[in-house]
Structure formats: C-alpha cells, structure tokens
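Peer 1: The structure under discussion is supplied below as structure tokens; questions concerning it will follow.
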Amino acid sequence: MSHKTRLIAALDTQSIQQAHDWAQQLVGHVDALKLGLEFTYACGLEAVKGFAQKHPLFLDLKLHDIPNTVAGGLSALGQIHPKLLTIHAAGGPAMIERAREALEAAYPNSAERPTLLAVTVLTSMDEHALQEIGVSGSVEDQVLRLGKMAIASGADGLVCSSKEIIPLRQALGCQPTLVVPGIRPAGSASDDQKRIMTPTDAARAGADWIVVGRPITRATHPAEAARAIQAELQSV
Ligand code: C5P
C-alpha cells in the first residue's frame, strides 16, 4: 500500500469522564477519536465541542432527513470542527449535494472542512433485511450502488465493512476516503461484530481509516492495545 492506514478509537460511552479518561490515555497512540449518538445525546453538543477542540474527532451522527434539514444541521456543526462526519447515503443525491454545499459554506477554508462520509448499508443489515425494506439483490450490489451515487453527489468518502473495501476500490478507485469499522486484532474477541477483519488485512485491502472500539477501550491497558494496532499498521 502506498498510503498509511490511520487508527480511530470509538469511545462508546455516555460518560464525559470516561470519554476523557480514554482520550487522555490514547493521546499520541491513535489518529482520531470517534463519538456517536450515544455520547452526543447523553452529554450534549457542548461536550462534543470540547472534545473536538482537543482531539481530531470523527463525529458519527449518521444524518438522514430531507435535504434542507440535513443542510441546516451540518451548518450548525460549523461550530464544532470535527475531522470526519457521517450522513446516510440512502438520503439520496439531493440530500448529499446539499450536505456538501452546507459544509463548504460553513468551512470556507477547504483545509478545515470535515471529510463528508456516507454510510451505505448498515452492517446490521443482511440480504433478507434489505428485501424487507424493498431492496432486491445482494448487500454488495446495494453498497456499490449507494457508494457510487454518494461519491458522485459530493461525499468525500464512505463508511463500509471490511468485506466491501476491495469491490469499492475497484469501482471507485483510490480517491474516496474509506473508513472501516468491525476490525479485530488477531486473537481478540469478535463481540457482536459479524464481518470482521484484522488491521493488517483491512490496510492491505485499502482502508484509509480503521475504527476500533472495544478491543481498545476494554483492554486492561488501552494505550498498549492501540500501540499494538499501530505497530501492525506500520508493518503493512
Ligand atoms: O467495539 P467495536 O470495535 O465493535 O466498535 C465499532 C464502532 O464502529 C462502534 O462505535 C460502532 O457503532 C461503529 N460502527 C460499526 N459498524 C458500522 C458503523 C459503525 O461497528 N457499520
């Protein structure tokens, strides 16, 4: 691989204290921290903002609404300065275009603009679940369909499962940012993740960022666990 795969630690907690404790331990050992709905709803946007002032932040709120409402939400996030953020590709081209425009307006300096990521098919959905919402065909077909549409509509990248990295790279080339959760270092517990891959294999397949939660946050020494993953990524 010609580019380095970077490490995001997912801080899934409702406690500001816990999130700060983890962040303090992980400074210098991870490339960004992820906060999502759980932290944001429990602790509020001020707490998220406080985090973003101190650490590179992946704000994973997965917005999905009419274009005008998503654009309004994202322009309000101009106060927060996350490095990466998420919307749902299923919101469609108009929603993604408006999201992109709102971010460009909120961050006139393109170097400061957060990377706009579209979530394709949730990893909790399988082919049967897709059928139940009226989508025929395989999960991979749907990921590729939504992924191509999202990038053509202005998303900078996609959140995808490890299984989808190679087909997405084949379809879209090396430009889009691919962020991949469901990563497990060899020998660690899979927890509730179904489609998992090691950091090495995700890096080889072409992930730009990997997202690792419990293998870091539940480790006896989180910094040690993060350092081991970084060492694995360095050796690819
Ligand atoms: O603890 P674990 O490593 O499984 O955490 C992965 C993180 O990535 C969690 O915050 C989870 O919500 C998130 N995520 C995921 N699968 C997706 C999207 C996000 O596991 N498709």
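Glycine too: its Cβ is placed from the backbone N, Cα and C atoms.
Sharing the feature lines straight out of TrEMBL:
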type     : residues                                             : note
DOMAIN   : 6-229                                                : domain 'Orotidine 5'-phosphate decarboxylase'
BINDING  : Asp12, Lys34, 60-69, Thr123, Arg184, Gln193, 213-214 : substrate binding site
ACT_SITE : Lys62                                                : active site, proton donor
Peer 1: Enumerate in sequence order the recorded positions Leu61, Lys62, His64, Pro67, Thr123 whose Cβ-atom distance to ligand 1 is under 6 angstroms.
Peer 2: Thr123
Peer 1: Are there any residues in the same chain, six or more apart in sequence, whose C-beta is under 8 angstroms from the C-beta of Thr123 (substrate binding site), and if so which?
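Peer 2: Same-chain residues close to Thr123 (substrate binding site) (Cβ under 8 Å, separated by 6 or more) are Ser161, Pro181, Gly182, Gln193, Lys194, Arg195.
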Peer 1: Which three-state DSSP class does His64 (substrate binding site) fall into?
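Peer 2: Where His64 (substrate binding site) sits, the three-state DSSP reduction gives coil.
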Peer 1: Once the chains shown are all counted, how many other Cβ atoms turn up within 10 Å of the Cβ of Asp12 (substrate binding site)?
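Peer 2: 18, counting other Cβ atoms within 10 Å of Asp12 (substrate binding site).
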Peer 1: Over the domain 'Orotidine 5'-phosphate decarboxylase' (6-229), work out the mean pLDDT and round it to an integer.
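Peer 2: A mean pLDDT of 95 is what the model gives the domain 'Orotidine 5'-phosphate decarboxylase' (6-229).
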Peer 1: Of all the binding-site residues here, His64, Gly213, which one's CB has the most other CB atoms within 10 A?
Peer 2: Gly213
